[in-house]
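These features come from TrEMBL:
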DOMAIN    40-299  domain 'Olfactomedin-like'
DISULFID  Cys41-Cys223  disulfide bond
Amino acid sequence: GLLPCNRSLTVLKDTRALPARLGFRHAHIPHWSLRDQVFLCPGILRGVYQSEHLFESDHQSGAWCKDPLQASDKIYYMPWTPYRTDTLTEYSSKEDFIAGRPTTTYKLPHRVDGTGFVVYDGALFFNKERTRNIVKFDLRTRIKSGEAIIANANYHDTSPYRWGGKSDIDLAVDENGLWVIYATEQNNGRIVVSQLNPYTLRIEGSWDTSYDKRSASNAFMICGVLYVVKTVYEDDDNEGTGNKIDYMYNTDKSKEMTVNIPFPNSYQYIAAVDYNPRDNLLYVWNNYHVVKYSLDFGNNGKCN
């Protein structure tokens, strides 16, 4: 029967020739291999809760993630230091991650701006320092396998998130694939979201939003919907902003909406928020603290 709440079915195939998004009409189920990923859209976001505290890092800012297209427990970790970030660390399990026992480290061909990196289908994607370029680095061969200019994207602290950190260009992964969240002068410094083909590095669609990027703390994608986070930072003069997701933009419908979903902020320095479509969790870095947030999706038929 129909999926609840008009959920869409996205099939991510392990082959380069297929389009990034496949619907039911492409789904010849008997021919799927074991490596095919099927991510169901969980519905519209209703609540966010801090669910797990892993450890306190020695870096105030950074990011961490998994590769949603791989079923392994591997964790990828990149603390961020201005002008000195050039290494990705891999851990084979959460236990090794907490204990500080890396499996391997990857020396990158360029330094990294910001905390916007992701790992997707065996490759690291990151913003090359002092450029509007995304670099693709193959983790298996340890070589750079591509570089793309994100046209007109502001970079290197022109349009960072509120905390700074050269966080102008933020990559995101969701059920529909790979995305870039950034700002342009053409859109008056407001957030633009583009879908990026992970194999050709071509932009397959772009959407201009009305949300000023410098006033956002972070943002992430779920099922083609951009969610923008606004939080208090420890050195704020007033705490009037509160801690919440206060905006969403649906790329399927080119429709924006203001929302008010409380967002946990125990440590008052959000530096990274990354959604994983495999486990439906947020991977967060908050003022040295490496934490996971769980999400609540309402399926009462009111899908936006």
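Keep in mind that glycine also has a Cβ here, set from the backbone N, Cα and C atoms.
A TrEMBL annotation is a machine prediction, not a hand-curated record.
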If you draw a 10 Å sphere around the Cβ of Cys41 (disulfide bond), how many other Cβ atoms fall inside it, taking every protein chain shown into account?
22
Enter the number of other CB atoms within 10 angstroms of the CB of Cys223 (disulfide bond).
24
In this predicted model, the domain 'Olfactomedin-like' (40-299) has a mean pLDDT of 97
Three-class DSSP assignment, Cys41 (disulfide bond), comes back as coil
